[in-house]
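Trainee: So TrEMBL says this about it:
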DOMAIN    D:10-73  domain 'MrpA C-terminal/MbhD'
TRANSMEM  D:50-70  transmembrane segment
TRANSMEM  D:91-111  transmembrane segment
TRANSMEM  D:186-206  transmembrane segment
DOMAIN    D:186-298  domain 'Na+/H+ antiporter MnhB subunit-related protein'
TRANSMEM  D:218-235  transmembrane segment
TRANSMEM  D:247-274  transmembrane segment
TRANSMEM  D:280-302  transmembrane segment
């Protein structure tokens, strides 16, 4: 049982890391702000979600699990707010693009 | 090398970077920013000292940790004060 | 009895905190109510230290160092506590005309800010005088900077805002360097208590580097040449009451801390070469600062450059103390001379700035060449300036004379006669710039002095009182100066 | 160890880039990243209390403050820049700074081994305070004076920021006017986050006695929960003439000093707590101080009253 849980955790966290790396690569390599944002938010949220999922079985009790989920939710909420703001700022700065 | 030493060395490098910025940059806002880089380096050196003092079941010496905490708040107050002064000066410039 | 130093710090802190919600008028009244209590506290501390010939020790919250924080009021603290209380009281009464709020009048910005800032400054200096913990002293330094910065630009003009920003940059750099030293000293010795450090520190690289960066940081705050550039515009641009406090007390705060480091923490590890360098900078400051004052055309800038020069004298005590460690007549003379210089300069410079402020308010400008007629229209103000000038020159009998004579004889006794030449030369130059102002003021002026702002007897009285004290210090029997020797760490066996 | 090396490398690169950045906005963005990396470093140094403070104040509030300043300066005529030092001088300064960094690095390596530490005395005396978190024990008991003075420093900083009010603005609303955003992402965040943030702040304050957390971290979060609706234009700060606002920022230090003085009268030492009363008294101080510091921190970010906004 514990072996199974461990395997699940490792797999999920590793998969999450892959998405993080993909997102970071996008941030560094994509040409303009909009696609960078796209790469960063989409891939990272999935990555963070997978990591949270992987850690859930290891959380200390219900409130620990709730806290992990809250972290994911807060990150989603804040980047949902910040992403459009950055995009708008980028468009204001370079109206041509 | 322990990680405490590593972070201590990083703190030393940050002190150099921040000090250089404070002396070379001319934009007052960037000077304030460099003051914060420098402050981060100083706190990191202190943090390395705290980590080296781990013992009695604590991961670090709590006395320097508490001092760093106090220092962070004071540094923020100083930053706020400096920023307010820069903004006030800029608006005085406007009215000329 | 042990509580007295704590009360001397907490009283102004509490008053400062309470002054904010009370508003400008309430803050003014609170300050005036607190002043006599603070003055009485400091005098009682001085009397106790003198009578018992021992420092007052106090452990906060019953926690003894190294875990807790101790207050320690020695002779130096006692002398400076009394000085601070008197200067603050005189300036507060002087400032009522500028920053007072009449009953029913709306609150003004300057009035709201001035009183808490004055109280914070008083609290910070008292803290720097009695705290015995290097980090508590750091908090005191920051408190001092925060209180002093807005005083510089209280009138809100562009020039003073620029001066304030420059001052703030120097001060912030100074305190962060000091904090770096605190970190290193803790890493090397595991305590920040000065008395404990005296026994624990050795001349190891961490300690030496710590002292070096802390000294550099504190020199920037004390405005020792070549780090003095911020001082003249900052001190000359502030309102007269603020200038008086800044020049008389604020620069002394970081200087006292420097003394604590060199002759407290490092008392067992003398650094004679570095002390020679410090005194060399001090000597340069005396000569260049005086020359700059001599060439200055504006009265308040002249007084500010005079501060740059007078700070230089303070550093002459370093090599004289470091050259002859342990109990010695010469070291005692040098220590007393340096401290009396700090005290007498505080009184004289506060008086001088207040007098300059009265004159500037009366004439509507502070151009030295156009001060003609001052002698007739405001003899008391000019007399104040002259008395303060005598003390700064070191003409007997005055506090400045006692200080300079003690430093002079210590220099000759230690075989370092070159400092004696600097002291004498500095005195002559000081005489030069004081004479310039007096000569201009005593001329029967061309333009009639405008009578628009009547000078009240109270303002003149405060300035004159401070000047008289700075001169009267010279009449004190030498035994009274023994106070400042009490509890000195480098004389302890 | 490899993770630490990567972290240190990233931190130095970001710091260097921030220091060299041409545009102020870029510099501040990098500075915030620097703060977050520093937060990770604090976790690696087993200083979780410091990490939380760094994230909330060092990166968070400082970042908001600097970003706001960049935005306001962009709309104003930039002050004539001071003459930058010439190349020779720059090189000299660089050499000096490098020398200081090298000396500091060498000294870090030369610190005594085993390191002197107060961990043992803290552990021995912590039971007397009934607290479980040693950092809180140091902040509220062993070195409570520093914490008290620091709260006074924060209050004084607010006075200083207000003292910079331009002529005609005294008594008015602090800070620049924020454009009202009825809808949009920021408005959503400003409405959705504060209830949650207040709960989190209270939690951090409450657990601070025994686990990492405490008043500064809680106060910084509370301040952010006020700043968010302010930035979205949903709330207007009270005018600085408001008596209750001034009492709010002053009451924390006043209570702290009052309890300290009571200790001097009853127990014979300033800031000494009667046996058995330590924890309740500390909690009372922390709660009131949190409120005062939260408002003061927010006011420091909001800034000086503007003449344009007087009402």
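Positions of Cβ are set from backbone N, Cα and C atoms, glycine also.
Tell me about the setting of these features in this model.
Mentor: Sequence-distant contacts of the transmembrane segment (D:91-111) (same chain, six or more residues past either end, CB-CB distance under 8 Å): 85.
With DSSP states grouped into helix (H, G, I), strand (E, B) and coil, the domain 'Na+/H+ antiporter MnhB subunit-related protein' (D:186-298) comes out at 84 helix, 0 strand, 29 coil.
If you look at the transmembrane segment (D:247-274), the same-chain residues 6 or more away from its ends with a CB under 8 A from one of its CBs are 129, 141, 144-145, 147-148, 151-152, 155, 158, 281-282, 284-285, 288-293, 295-296, 299.
With a cut-off of 8 Å between Cβ atoms, the residues of this chain six or more beyond the transmembrane segment (D:280-302) that come close are 57, 61, 64-65, 68, 129, 131, 136, 140-141, 151, 154-155, 157-158, 161, 174-175, 201, 205, 208-209, 214-216, 218-220, 222-223, 226-227, 230, 237, 245, 248-253, 255-256, 259, 273.
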Trainee: Across the domain 'MrpA C-terminal/MbhD' (D:10-73), what is the average pLDDT of the model, as a whole number?
Mentor: 92
Trainee: Can you break down the domain 'MrpA C-terminal/MbhD' (D:10-73) into helix, strand and coil residue counts using DSSP?
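Mentor: Grouping H, G, I as helix and E, B as strand yields 58 helix, 0 strand, 6 coil.
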